[in-house]
Amino acid sequence: MFTLCTNLLRYTHIPPIRQVPSVHCWRPNSTVRELATTLPVTMENNRPSKRTVQDAELGKAGDVRNGGISRATPRSLSRAVSPPLKKRRTSPDKGEEESFPTEEQAKKQPCSYRRVVASPFHLTTIRSLGQNSNMDTVSLKGLLGDPLIKECWEFNYLHDIDFLMGAFDSDVRHLIKVHVIHGFWKKEDPNRLQIQSDAARYPNITTHHAYLPEPFGTHHSKMMVLLRADDTAEIIIHTANLIPRDWSNMTQAAWISPRLPLLKPDAQQNTSSTRSPPPAGCGEKFKIDFLNYLRSYRAACNPLIDQLAKYDFSSIRGSLIASVPGRHSLVDDFPTRWGWAAMKETLKSVPVRQAGDRVQGGGDVDDSEKPEVVIQISSIATLGPTDNWLKNTLFEALSGSQGPKTLLSSKPKPDFKIIFPTPDEIRKSLDGYASGGSIHTKIQSAQQAKQLQYLRPMFCHWANDSADGVGTTTTTPIREAGRNRAAPHIKTFIRFANHKTKNTIDWALLTSANLSKQAWGDAQSKNNAGEPQVHICSYEIGVLVWPELFADSDGTSSGSKMGQKAVMVPTFLKDTPAIHGSEKDRPSSLGEKQGPTSTSRNGEKDGKGDDEKEEKSSTVVVGLRMPYNLPLQRYGLQEVPWVATANHLEPDWMGQVWRHG
């Protein structure tokens, strides 16, 4: 048990951290940074007297703040009656930030520059941060506050029923059919009894416990499925528990599907097909995997499966990477793989940048050209005294890519980094030590000490501003994500094409899965028939995306029929990529033609131009919202990860100490 001696009111009203807006200039090779002020001086000086804090449920359902984007009011009711005034065109010389046109603008206006797609992952709103750090973010009320929602299926590990119900529109919350799926299968489990007791106050709530055949497994998936009165459905896969603390001052993220329409009657009747399996990343494949995932719950999710089978998933761009408990064959004809096997199978369809592309005729690969996979998680389980499982199972699966095997010199394995906060980063977080109760690893035992030994070279900071860290200098430009003081509960796996610059991304995964065998599956074993299999203990769910999924110009296929190229780039403080480049590459205004190489709305060229300009005009730029700053900063020799089961007696910025007893 953790011991708590603190006044919660002391830090539930933390003043926002003000930040100076970033300024993007049009000069070549310019560096864009946002200058953020630190926490108040009283954090370092005038430190309050010591108090003690334990891991406890913080916050009540009544203390709900909605800083996100609300969708409670239909656009048709909020749109102005008179046409809006035209915006005055301003010159970039005045320091005004300009960016790529949004996807909606690109559809409405011809533009000779690259088509832009906003990030498929969205950060959640941070209560104690200012507007500049909360651009393009989502909140629970923003996700659930639409009065057109008629049914909600909520999957999670921890649930606060009052907090959940408080997020729905007050006029219809008593009418919405709410299904809560949890993993507390023991009848006497206090968590199960609490959920049942709270749900009993709402006649429109039904609770279900997930089928869990593994004794050490958990229902760790975090997802909501919304069925709406306008005959559309929406799937939201995210990283937050359904409790107030996770949706206030901790870094989280969500993937939100497009609104899925009902299939036409003839399409519903022809769901069974003898065609070849659909390709990874398309909506049809996502639907197959998603329904198979729901079938693992047995009878609990049968009504939801029957309903979702009637919806059209074709607009979805992404692959489902999920885990379900059990022992699963790796060689049968079942269309869906689980855990690390799902990742390995999907990456066979994902093109990645070849490190030898810049070397004439192949040849040796420059070390600066190596890719890097950055694993950012909130929990690290016991992986073993050696790195056998980590390197030979998980890292091997994450190293895959499209195409036949080639020479190692032209296709090297990526480097790996692991982002995990230190005690100092937890102390300085917005909620101080209180946020540490959601972040876990252990280093006390002899086996755990050996694990720390092989993980240490890969460990990187969350905030990337440690005085003892390694790898950055005062002259290194920092790309600010605006989340360094919001402790991480988000989980991301991102492959950068170049481990030094990190300017482009090959693929990215947002998931509930942490770094553990229970989540990803143990190493290969054999079943009674001698077939290889993967052993998984827990439910997990995530979505994998890569740039080529967005290369089509009309959003109707996952290929690039128009011959467009796609690139994914990290974005900071907003979801849409900003223009970087020289003046000659920049359109003078959104939708304004650029002479002989401009293109019409249907993608055809309006004039003649050279191949290089044609390539630029046909490139699709996909943003990926970053939760952490770049460049990364490695641990110093004496630094260790945060351990919730250890005592931390140095006060945090609110004067609290952490005791484990």
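Quick reminder: no glycine exception, Cβ is built from N, Cα and C everywhere.
Quick look at what TrEMBL lists:
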REGION    42-111  region 'Disordered'
COMPBIAS  52-63  compositional bias 'Basic and acidic residues'
ACT_SITE  HIS220  active site, nucleophile
ACT_SITE  HIS489  active site, proton donor/acceptor
SITE      SER516  site 'Interaction with DNA'
REGION    577-620  region 'Disordered'
COMPBIAS  602-617  compositional bias 'Basic and acidic residues'
Original post:
Including all protein chains displayed, how many Cβ atoms other than that of the residue listed as 'active site, proton donor/acceptor' lie within 10 Å of its Cβ?
Top reply: 23
Original post:
Fewest other CB within 10 angstroms, which one of the recorded positions HIS220, SER516?
Top reply: SER516
Subject >> Rounded Cα separation (Å) that holds between the residue listed as 'active site, proton donor/acceptor' and the residue listed as 'active site, nucleophile' >> reply: 13
